[in-house]
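Enquirer: Straight out of TrEMBL:
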type	residues	note
TRANSMEM	B:12-29	transmembrane segment
TRANSMEM	B:49-68	transmembrane segment
TRANSMEM	B:75-96	transmembrane segment
TRANSMEM	B:102-121	transmembrane segment
TRANSMEM	B:133-152	transmembrane segment
TRANSMEM	B:172-193	transmembrane segment
TRANSMEM	B:224-243	transmembrane segment
TRANSMEM	B:258-291	transmembrane segment
TRANSMEM	B:298-319	transmembrane segment
Amino acid sequence: MTDTKPILRLDGIVKTFPGVRALDGVSFAVMPGEVHALMGENGAGKSTLMKVLGGIHQPDGGAIYMGDEQVVMSGPLEAKAKGIVFIHQELSLAEELTVAENIYLGELPRKSFGRVDWKTLAEKTNAILKKLRVGFDALTRVGDLSIANQQMVEIARALTVDAKAVIFDEPTASLTDAEKVVLFDVISDLKADGVGIIYISHRMEEIFKITDRISVLRDGQYQGTVATPETDEERVTQMMIGRKLDLTRNASHHELGDVALEVRGLSCGKLYTDISFEVRRGEVVGFYGLVGAGRTEIAETLFGLRDPSAGQILLDGEEVRLNSPVDAIARGISLVPEDRKGQGLVLGMNCRDNMTLPQVDDLTAGPFVAEGAEVAIFDQYRDQLDIRTPGWRARVGNLSGGNQQKIVIGKWLSMHPSLLIVDEPTRGIDVGSKSEIHKLLRGLAAKGYAVMVISSEMPEVLHVSDRIVAMYSGRIMRTFTSDEVTEDSLIQAISGLGGDGKAA
Amino acid sequence: MQPGALSKALKNGAIWGFIVLELIFFSVAGEFMSLSDTAFMDWENMLLLLKQSAPIGIIAMGMTIVMVNGNIDLSVGATFAIAAIILLDSMTWPFMAAMGDWAIPFAWLFALIVGTLLGALNGLLVWKTGVDAFIVTLGSMLGYRGIVFMFNGENPTSHLNWTLVDFAEAEFLGIATASWFLLAATGAMWFLMTKTVHGRNAYAIGDNREAAVNAGIRVGPHMMINFAIIGFLAALSAVVFYSESGSVNPNDGQLYELWVITAVVLGGTKITGGAGSVIGTFGGVIAIQLLRKGLGHIGADTSTVNLVIGLILIAVLFLDRQLNVKGKEALKV
C-alpha cells in the first residue's frame, strides 16, 4: 500500500474566519483502499476541513491534489463530479421526498423535456438499498423513516457514483448495532474497490476496529498521522488534546447541603425514560453522554420547556409541576442553554440589558426602566464573575465567547436561583477561558448553589463534578462519584456497555 | 394500509371534502334563502364558476411552485395590471394598429414577455441580494403598482378589439376560453411539478435548502426560474381576462396576491415550503370561488364573504398545525 500514490492529498490548507484561524497548514493524504480516521476534539477543525474539501469553503492557502493533479473545488457538485462523496453527520435530507429522490438529489436521472426517469431511479435505488439490507424501498417517504434508517439513506448516497473518496462524518451516531455491521460491510466493500475513505468519529473502539491510519487535528493544526495497529487509545488521546489527558478529578469537596432537586422516574416519550437522580446544594453533578443521549431534553423538562410523560420533580422535597420557564424561574431554576448565541443572548443588545433581561419587568421606576438599578446589578456581577468588557454599553456580540458565557451565567445568578443548569458551558470557548468557567462553576457550588453541568467533554465533566451521571440513549447507565470514576468505565457507560445492568 | 395512511389521506383529500360540504350547504341553504329560482348546482352555474375562477386560478398555479420553494410573491396583482395595460395599449401603437387583427398575437406576446421579465426581476433580486422573497416582492408590489399609475394616472386604459372579444368569449366543447386556459395552466404546472427534475428540485429546496445546496442544486437560478414562471402566469391571467373586458383600471388586480395565497394555502401547500400540490391548489381555487358565489347566492354581501373566508383560512391552518404536532413531548414554543 505504501508504494501507491495517494488518491487524495491535502497540502498546507489554511482557512481563517474573522478572528479565528480555523485551519492552520493542515496536510494529510488518503491512499486508495485505505480507511483513514480523522480525529480531534470538538472545534479542532475537522468539519471545516471537510467543508474545504467539499468546496463549501474556499481555502485561504494550500492545495488539494487528486492523484497528481491539483484541483480546485468550486462547489459540492464539482466535488461529487470528481468522485468525492460526503456522508453528513447532520441529516441532510428532504423529509417530504422519497428515499430515491433523496439519494439522487441534484442528479435525478432525466428523460426528454427534463422529465424524471422514475423507472431508472427506482431500479438504481432499489439495487443500492438491497446492498444495504434495509427494510424499506425507493418510494418510501423519508419523513416516515426512523432516524437510524434516515442515516442509512444518507449512507446510500455514497454508493450512487463511482466514488474515489468517501467521507463519513460521525456516521454511527444514530445507528443501532445491527446497522453498524452493515455500515462496516459497506466500508469494507468500498475499500476492496480501492476507494479512499475518510472516517470521522469520536468513538475509539470503532476507530481501532476499522481504520488503517489515524490523523489528528488540534485547534486547527495538524498533529500527525499514525498507523492504527502501532498506536493505542491513550497516545491518540494525547495527540488530540496536546498533553496527557488532564483527567484530574475534582478534589475539593464542599460541605453538602440539603437536596435541592430530586427527580424520580422521569420519562418523556422516546426522548428519555425512567430518570432518577438528586442534586444537593453545594454539589456539582455532571451529565455525560453522547449527543442525543437525552441530557439536554432533561434540562429542558426541568426548565418547563417540555412536559414529562411520567415521573416526579421535587424541589426542596416538594413535588412541583413546571409548565413553563416562568414557573421554573419562579421556583429558582435557571438554565444556561447549549446554544449561547442563539438561545442565551440577544447579541445586538448591550451587556447590561442582556444581564437584566429576565427581571427587567421588576426594575422599574414609575413607568420607566430604572437604569440605575440595572447598572448596579451589572456592576455587581461583572466584579463577581470577572467579566472583561469595556463597559456596560459594549454590545454582547463583540465580546469573546468566554465573556459572553459569563454574561449568561451572571444573568441567571442575578435572579438568585437555587438550581443552576449549565448545558455545554464551554463549547466554542478557548482553553484559558474554559478553566475560568470551570473555576466559576466550582465557586458557585461552594457558595451553596446546586449545579447541574451537561457536557460532552470528558475532561470537563471530570474536572468540575462531584458526581457524574452517565447516560446512554435516554437512560441513566450509572452514577459515579468523583473518586471512583475512571475514564474507561465512563466511556463504557456512555457507549451502552457495562454500567449497572440494563443496557439498551 | 400503512399506519398514518388514513390521516394522510384525510389531509390530502380535505379540500375536496370541503368543496363537497360547500356544495351541499349552498344547495340546501339556497332552497330557503336564495332570491333566484335556479338551483345552485346548476350545470351552467358550475361552468360559469370555473370561468370566474380563471384569473385567480392561473396565478395560483405559479404561486404553488413559488411557495413550495419556500418563497412567496406578493407582486402578482401589480404584474397582472401591468400586463393588462401592455396588452390593451400596445394594440393602439401605430405599427400595431396598421396590422389590423394580426396585432393580436403580438399584443399577447408583449404582455406575456413583460410579465415574465417582471417576475424574473423579482427572482434575480431574491437570488442576488439574499433578501427574503416576502420583502423583495412587497417592494416590487408597490413599485410595479406605481408604474401602473404612472402610465395613465387614475384613468382607465381601454381598447376594444371585437375579434379579441369573440375569441375570449368563445366556447369550445361547452367550456369557455378562460376555463381552458385555467385547465391548461393547471395541467402544465402539474406536469412540471410532478414529472420533471426542475419540479422535484423545487420540493427539495423548500424542504431542506441546505441539503439541496449540498447536493449541488443551484438554488438561486432555480428560484429565479420559478419567479419568471409566476410572472408569466400573472400576465397570462391578465391577457385572458382583459381580452374579454377591454378596459383596465389602475386599481385592477389589487388584493389578487392575497386571494391567490389563500387558495394555495387552503389547497394544502405548506407556508414554509417543501410540500404542496397543483391539484390541491386547484381545489383551493374552486373552494374559494364556490364560497364567494355561494354566499352571494344566499344573499350575503362582499364584506361577509371576506370575513367568512378569513375565518376559514385561520381554522384550516389551526387544524393543520394540530394534525402535525409531534405529540406531547415536543418542545414548547
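Glycine is treated like the rest: Cβ placed from N, Cα and C.
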Enquirer: Look over the recorded stretches B:12-29, B:102-121, B:133-152, B:224-243 and say which has the most C-beta pairs under 8 A to the transmembrane segment (B:75-96).
Expert: B:102-121
Enquirer: Between B:49-68, B:172-193, B:224-243, who has the most Cβ pairs under 8 Å to the transmembrane segment (B:258-291)?
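Expert: Most Cβ pairs under 8 Å with the transmembrane segment (B:258-291) come from B:49-68.
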Enquirer: Please check if the transmembrane segment (B:49-68) comes into contact with the transmembrane segment (B:172-193), where contact means 3 or more CB pairs closer than 8 Å and the residues in each pair are separated by 6 or more positions.
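Expert: These two stretches do touch.
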Enquirer: Return the stretch with the most CB pairs under 8 A relative to the transmembrane segment (B:224-243), choosing among B:102-121, B:133-152, B:298-319.
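Expert: The stretch with the most close Cβ contacts to the transmembrane segment (B:224-243) is B:102-121.
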Enquirer: Within the same chain, where does the transmembrane segment (B:172-193) have neighbours whose Cβ lies under 8 angstroms from its own Cβ atoms, ignoring anything closer than 6 residues to its ends? I mean 6 or more beyond.
Expert: 47, 50-51, 53-55, 57-58, 61-62, 64-65, 68, 199, 202-203, 229, 233, 236, 240-241, 244, 277-279, 282
